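Per TrEMBL, the features are:
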BINDING   SER40, GLY41, GLY42, SER43, ASP44, SER45  ATP binding site
DOMAIN    35-217  domain 'tRNA(Ile)-lysidine/2-thiocytidine synthase N-terminal'
Amino acid sequence: MLMRTEAGASVLPGPRTPQRAAHAFLSSLKKPARLLVAISGGSDSTGVLIALKEALDADKLPHSLCAVTVDHGLRPASADEALAVQALCRAHSIPHEILRWTGEKPKTGLSAAARDARYRLLAETATRFGADAVVTGHTLDDQVETIAMRSARSSEGSLGLSGMAAATLYARRLWILRPFLQTRRAAIRSYLDARNQNWIDDPSNEDLRSERARIRTRHLEPDLVAILSAAEERRHLSKRAAAWLAEKADCAVEQVIRLRLDGTTSHPEPAVGHALSTLSAALGGRPHRPSTQSLHRLLTQLANGNDFALTLSGCLVVRRKLDLFLTRERRGLLPLPLPSGRIIVWDGRYEITNHGPVDAVVVPGATSAISPELPYPIRSAISGNSPEIRTLPDADGRAPPQVTLTTRLSLFDPYLSDFDLPLADQIARLFGREPAIACPV
């Protein structure tokens, strides 16, 4: 990836200073924005806050800052550290809140649970502050570590090489922005040192029980050109996959997608495989795409040109001549209680809300319309792969009118990177959903 100077010469992109990163980020905002900075007190998030504040003051830009510290309660010193951050924000006239992750902490999967709790609390705070987006302090060093970890365990081929996205949509309602992904941690610390600004070192960052901490001891050097190229390639892959689906796919009946095949599936380009793996995960209610081995099995069958039926990520895939049908297979669908006043996720495909006073249960049932023109395996699947609401204790009762169902895409709804935005929006259209809210940058 090359960049052009004003004179027209080609230059390779290099890491950005905190000042340059802050200015570039603020200049990229499409309209005046209120930004909620997630600050722990570490060097990275402190650097983001100070650099953004300086840039706003110097350039008189029409944006404003507020800040939040999430105290996870995992270390004895965390409460005092949050108060120190509060004092820093007060000194810079930045509104600040401290939020605490309360309740019992899980014994396993603590890191993932803490992340989910953190973003949930950030989203709640953003609403109170009227913030348009959350800003985090992820750095180029974090990016290198993330890519190394994903490369070591990824089952999705080269997708993990693109690393973290500069923008991620959380829970379909709040954009998380990472303006320092091209900035080194050492540069941030030098920037803070020059301003006599202290920061807090979290000892858990040195705990070698953590995969990230172990990766950090390798002192990996970033290849920014490769990182940016991988990110750009993933964006192009998403756009090409979305364009292919827009041309070939339609919704035959609810939760059944039909693809009109042609010669592109005899020797499919990567975008076709990416579209099919993403679509199968969406229809199967899965939070991850199928492995490269599983996808290869599907692409091999397609290239053969014969009719077939197979399963992929909980999705049934059936070919009949030049039509390819995909829907959720019937296996693994279980009843799920739907208590009064609760919201549940059923099979990763539906978010169901019981607004009424009566407890209910969700069981596998038939879709609203079963066309005789569909292949028999698809007709069989949709006769028992949709949610049916029954009231309790009368198992034969009808759904109370206060129950609502919303289609869910478990692959994208919790966290949607801007890499995947074109493809996610196209699949949303196939499912009859609105596209994602606009990104601020």
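Counting begins at 1 with the first residue displayed.
Backbone N, Cα and C define each Cβ position, glycine as well.
No curator has checked TrEMBL annotations; they are predicted automatically.
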Open item on the list: Same chain, not part of SER40, GLY41, GLY42, SER43, ASP44, SER45: whose C-beta falls within 8 angstroms of the C-beta centre of the ATP site? Give them in sequence order.
Closed with: ILE39, THR46, GLY47, GLY137, TRP199, ILE200, ASP202
Open item on the list: At a 10 A cut-off on CB-CB distances, which of the binding-site residues GLY41, GLY42 has the highest count?
Closed with: GLY41
Task: In the chain carrying ASP44 (ATP binding site), residues 6 or more apart in sequence that have Cβ under 8 angstroms from it - done: GLY137, HIS138, THR139, ASP142, PHE180, ARG185, ILE188
Task: Among SER43, SER45, the one of these binding-site residues whose Cβ has the fewest neighbouring Cβ atoms within 10 Å - done: SER43
TODO: Tell me whether SER40 (ATP binding site) sits in a helix, a strand or coil according to DSSP.
DONE: coil
Task: Neighbourhood of SER40 (ATP binding site) by C-beta distance under 8 A, where only residues 6 or more apart in the same chain count - done: THR69, VAL70, GLU81, VAL85, GLY137, ILE200, ASP202
Task: Coarse DSSP state, helix versus strand versus coil, of SER45 (ATP binding site) - done: helix
